[in-house]
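J.: Below are the structure tokens for one structure; questions will follow.
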Amino acid sequence: MKVVVADHSGFCFGVEKAIDTAFKELEYKDSKDIYTLGPLIHNQQVISHLEENGIKVVSDLNSGKDGVVIIRSHGVPKDVYKDASEKKIDLVDATCPFVRKIQNIVEEYQKKGYHIVIIGDPSHPEVIGINGWCDNTAHIVKNEDDVHRIPFLDNLCIVAQTTISTSLYTELTAMIEQKSNNVLKFNTICSATRDRQNSARNLAKEVDVMIIVGGYHSSNTQKLVEICKQEKPDTTFHIETAGEIPMNILKNYESVGVTAGASTPKWIIDEVIDRINNL
């Protein structure tokens, strides 16, 4: 069986930075406990590995007040920093630089009098965090129905969750532009997301089956699944680990494409490839 790996897959810069930050804190923790405020990234295997090394996940600052609290790669609302400062909690910021850029944009343009529109999932921690940098006043749109609920406004500033699909951004932005005579657009989908999506789409056209490796709660992985299903609706499979590969299905085909989300470590991708090669 022929196994082809997408040109762009696996860890992105922001995820690598967050994990490196966490392990550097382990080296210099000075006997303090280390926590992450929410899962550092959306990959359960990596989170388990961090926990095995003593880095625990907490859901609020107070639970980590006796140690060092690492801000997750998805970022957090602005008031978290203020809260930590007032409580004298030691924070280490592992926010993805691309996410931090969006936070700065919405903070700046809200102060300039713009209404902020975030294209993304309102329940995703990245979007929740971004909204917290414009006083939680953003219009968050996930689909056309959400756009219809936006009134006509004087000034609009549009940003996007870093992991949405480019097609969704293009479609919804065109609609949002009809809601104001003065619209600023910032395509804040990160380059790693675009590269992975294009690479996955091209590979799906060339193979019989697509395997997408990544966390079930990972937004960017879910987008890869959606894109591949457009090309291979019946033979696209989303897995987290090599143990979930549908081997009984793969044996009926000649070629398999493998790609992975931005929070999927190389060792998991390698395990998947090895298992398919041994079919």
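Numbering starts at 1 and runs along the chain as displayed.
Cβ coordinates are placed from backbone N, Cα and C, and glycine is handled just like the others.
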J.: With His74, His124, Ser218, Ser219, Asn220, Ser263 listed by Swiss-Prot as binding dimethylallyl diphosphate, identify the candidate in His8, His42 belonging to that site.
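T.: Site partner of His74, His124, Ser218, Ser219, Asn220, Ser263 for dimethylallyl diphosphate, according to Swiss-Prot: His42.
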J.: Which of these, Cys157, Cys190, does Swiss-Prot say binds [4Fe-4S] cluster at the same site as Cys12, Cys96?
T.: Cys190
J.: Using the Cβ centroid of His42, His74, His124, Thr162, Ser218, Ser219, Asn220, Ser263 as the reference point for the (2E)-4-hydroxy-3-methylbut-2-enyl diphosphate site, which residues of the same chain not in that list have Cβ within 8 Å?
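T.: Apart from the listed residues, the neighbours are Ile41, Glu126, Thr163, His217, Thr221, Gly261, Ala262.
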J.: Show, in sequence order, which residues other than Cys12, Cys96, Cys190 on the same chain lie with their Cβ within 8 Å of the centre of the Cβ atoms of the [4Fe-4S] cluster site.
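T.: So the additional residues around the site are Phe13, Gly14, Val15, Ser73, Pro97, Phe98, Val99, Thr162, Ala192, Thr193, Ala262.
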J.: Rounded to whole angstrom, what's the largest C-alpha distance between any two of His42, His74, His124, Thr162, Ser218, Ser219, Asn220, Ser263, listed as binding (2E)-4-hydroxy-3-methylbut-2-enyl diphosphate?
T.: 15
J.: Sequence gap of 6 or more, C-beta under 8 Å: which same-chain residues meet both conditions with respect to Cys96 ([4Fe-4S] cluster binding site)?
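T.: Cys96 ([4Fe-4S] cluster binding site) has long-range Cβ partners Phe13, Gly14, Val15, Lys17, Ala18, Ser73, His74, Gly75, Thr162, Cys190.
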J.: Taking the Cβ of His124 (dimethylallyl diphosphate binding site) as the reference point, list residues of the same chain whose Cβ is under 8 angstroms away and which are at least six residues distant in sequence.
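T.: Non-local contacts for His124 (dimethylallyl diphosphate binding site): His74, Gln161, Ser219.
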